[in-house]
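Chemist: Just dropping this structure here.
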């Protein structure tokens, strides 16, 4: 990233070349000394520079980093903690972080995984020898350099002989990679905590997920403290090694010397070589959230490790907060891609490294004119093809599975090549989970079948009858993947085992209702209205949360028409429209899972409820109007920016954290890129086909953007967003 207006030309005598990244605490620049040595120079934000307590913390960070040799870290070169804006310069370590590597290329395997694990143990031994406990070991703080993994960012570390909190009354860290004692009482954290975190990082590297992942940082923290790790996807001796490190009792964890010996004797082929076929991951947002697909409610979720529960009661989370030394919990969501700057030099080879392995730009026709009809337009307005999912193609890792709206079931690889093709033409695809692609096939009587196809060859392995072809969404029933479907009577909901097609439960929500199913953040929902009022747009909805295990309904609100978006701190976020004459969203509701009073946030005027479903990324909502205007609004109701893109009929956006950009596309395959900070147009691509058809579908993996578009001819294309010119 280039320097911006207001950035200094030099700091401490070091010339600044460009920005490497910006995090919650400061900005990091690529700088060079007078001799030409490249450095990463971190400058603290003004609001923290005025905080005496934070200055103490920053001095501790510098002291801790200086105590370590630098053989496995980024060595401190210079620092001034007393400057108006405190700063620290360290050796520049080119390379991707582990978070970026897994996001772009998927989990590590064999010898690569073994080398990472051994390198991290050696790094921690070096850190602990200096009397330092890192306390924030996570994928974003590990740079994969040519010499091996380097551990960076000592921002919340401390010397082992000091018990000072990071900041008074706060526990700081990233829950998926924190130890139980770090969450209970950070004053008691010792070297054993880093051993626990190391094991979570190794599991992440091997599977693409933390062993304690959940739908919110609070639920993840609860799992870390109270639940066993999820290690089903870790195999062989590696599983035994990490399981011992993940003991809840610090004294029961192996020492680093013992762990190093166990890993050294681990054969390369045993380093989690044989894991499940389905291990898709997505790009990781710079704020720690999975970037694509973003949280858009009905969009199919990526396959995840089996979870212990889809929803934990809000009271349990509150109890965990109360248990953490009575302080304020400062937690980051996601895989820990967090504040780490992009430390890669701007070379062609490093840009290529942000793409999935074997990827190159491509374009592929999926249907030709004369194939089965595809729903296109109503009075000139592009329409979503299918109700609940509306996806013609789903991404899982570097593979793309297509098969909705007249497209025969097909798998494409990272280069757009067809790896298998089946004559089956599902009406919609609803998910890829546990080695199966899930789709619906409609019948002439209006009912449908839900079917499961193997990801390896596309063969159907099971089928079961459901109510309609546009109904189906994946959720987790404990460790069991399931599909929420609906009966023909529109009042009865069913859960189908995603692995076998067996019926798990069937539950009638009420009588005299017409309902539609939804799954948000793994939570099954039913959005209902009285049958006699189904055509009245101003009739309040009856929104129910369904028990994942039994289907038992619990009413959580009666909002006006709108859309469920995501979960935040146990609450369901619901965008509500105004009265029946309004085509705009007017309020954001925070609905309590126990049905308590909703918290209401008033939204700015002019946020369209037509055509494109809003997208939530972090705490920012993105709204798209038919005329191409895109607006960013915080969940607190503050308008950040509005931009007229001059491109009409854009679909829902996807977000790249590494590029700090927003990408949208038309039905004709024309892509528009916007800056996330101010909304300005970065570039506009060219249309790939005639206007018309359904909104394009976008998927992002690293810098590889896949666009599915078209009407008579449905096609897909892969674009390297790092190499697109301003004019497309």
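Keep in mind that glycine also has a Cβ here, set from the backbone N, Cα and C atoms.
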Chemist: Which one of 225-245, 246-266, 267-287 shows up in TrEMBL as region 'Disordered'?
Modeler: 267-287
Chemist: Choose the correct range: of 173-212, 293-332, 333-372, 373-412, which one does TrEMBL annotate as region 'Disordered'? Give that range.
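Modeler: That would be 333-372, the stretch labelled region 'Disordered' in TrEMBL.
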Chemist: Taking the Cβ of residue 42 (ATP binding site) as the centre, count every other Cβ atom within 10 Å, in any protein chain shown.
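Modeler: Neighbour count, Cβ to Cβ under the 10 Å cut-off: 27.
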Chemist: Under DSSP, is residue 42 (ATP binding site) helix, strand or coil?
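Modeler: Strand, per DSSP.
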